[in-house]
Amino acid sequence: CVCERESMCVCVCVCVCVSCASGFGSLAPSSGPAASVSFGGWVCSVSAVLMFISGVCVCVCVCVCVCVCAAGAFGGFGSTTSAGAGTNFNFSTPSNAGASLFGNTQNKGFGFSSGLGSSAPAGTGFGGALGGTGLGFGGFAGLQPTQNQQGGLFNQQASQSSQLFNTASALSAPSVLNDERDSILARWNQLQAFWGVGKGYYSSSTPPVEFSQENPFCRFKAVGYSCVSDVKDEDGLVALALNKKEADVRSQQQQLVESMHKVLGGNPTLSVNVEGVRALPDDQTEMIIYLVERSPNGTSKRVPASTLYSYMEQLNVKSALQQLGVIMAVSRTALTPAQLKQLLQNPPAGVDPIIWEQAKVDNPDPEKLIPVPMVGFRELLRRLKIQDQMTKQHQTRVDIISNDISELQRNQATTAAKITQYKRKLMDLSHRVLQVLIKQEVQRKSGYAIQLDEEHLRVQLETIQSELNAPTQFKGRLNELMSQIRMQNHFGAVRSEERYRVDADLLREIKQHLKHQQQGLSHLISVIKDDLDDIKMIEDGLHDSVHGRSSKLS
């Protein structure tokens, strides 16, 4: 309780200790009232005490503080900052959270990004509308920020303290029958608390306590890991969980954007943009949005995620979003180093510190993953469904990539076939060009005597032809290969039971090699034939010229 002026604060506390050794084997309640008075506007604080004596002894303190300030009754609650409503296991640290069973005065948890309920930074349009200074967000200018409710805050703390006191009474010393059967009832209540279901009767005049899997004594708890978000608050991303199918959301995306724009004030300087849409288990869909504010000078800026989330958590806005099918909103912001350090150093309520430390040691990637608690079978089932959904999405993406690879392979095969065809055409065109050059060269040198280089070329061609026709050279080898192939075919026909297989790649290489050899031989033969024709033509020309000269001389 904080007062700006002189004040008087009176705090009354009742502590109940429950021994947890050997599964609450010995139950010995002990309570003692304590009162304190302070003057001068100073803070009166009471924290729970946690002691380990022959087991675990948990002391739950229920405190009621009443402060009278000079400015008016309960004036100190006016300066308390109320935390925005969030989901279980959030990273926010509201300043007015009630004391937990283990004495933590801050509500810490897991599962979602930080910034849930945090204050908006100054300098944006949202900040101006919500009490800060900035460009002036006209869409929210007519709406005043939600004021802190002093009475509701006090009642909430008292209700949480009363719930803890009733739970401790049901587990330690119920007084329903006022005999030895109450100890049996206490053990039954302990079993129900361990299981996380049932009702705990502790008094004949008051209703029983409802045990849920969120109570600190539930044993069905485990620790998993979640990815650390790398999105900044300036990116303005807020995830909305819609109770609709993905196909419906995608078909009605434009209508949803227009409806959200109206809910957020309908200011023409604001525009709602969709970052992405993905399916969730149980026919739900996640849609990530962000707001862009455009100033009169033409500049645009994204509204911070914390500011947008805080505005969406107002009662009137939240009810309007629920009518659109929004069941939950989460701010997508990354953890600061201080928040991450505080998160890892302090285990959540109800989680054994030893298990928490072991989870930090077993973290496969501390840079990208953080440990998160899983309380109850519902949370385990939820994570299982989400993992199954992500597995299906990954499989879908793998199938798409596989189809793309198959298409690329088909295109590659088609391209390779076209390249081979073009090579063959190029070779044919080269041969045709060579033939044209030969004919042109023959016409150009007609009437000239054989030159020295042509004589060398003729000798080389004759040598090549003799080598090809030699028994031990290529022709002989080809004949030998042909005979072996015929022999193998003959043996295969005679002895059908014996089958020999040749590697397809090796056979293809042999065929390719023989094809090249055949093409080379054909080319050489054609060149030799053309040269022989040219030589014969030259000889005929020489013979005719000699015969003409001799006739003239005679």
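Placed from the backbone N, Cα and C atoms, the Cβ positions cover glycine too.
According to TrEMBL:
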type	residues	note
SIGNAL	1-23	signal peptide
TRANSMEM	48-74	transmembrane segment
DOMAIN	347-485	domain 'Nucleoporin Nup54 alpha-helical'
DOMAIN	500-538	domain 'Nup54 C-terminal interacting'
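DSSP labels the residues of the domain 'Nucleoporin Nup54 alpha-helical' (347-485) in these numbers: 108 helix, 7 strand, 24 coil. Within the model, the domain 'Nup54 C-terminal interacting' (500-538) shows a mean pLDDT value of 88, rounded to a whole number.
Secondary structure of the domain 'Nup54 C-terminal interacting' (500-538) per DSSP, as helix, strand and coil residue counts: 35 helix, 0 strand, 4 coil.
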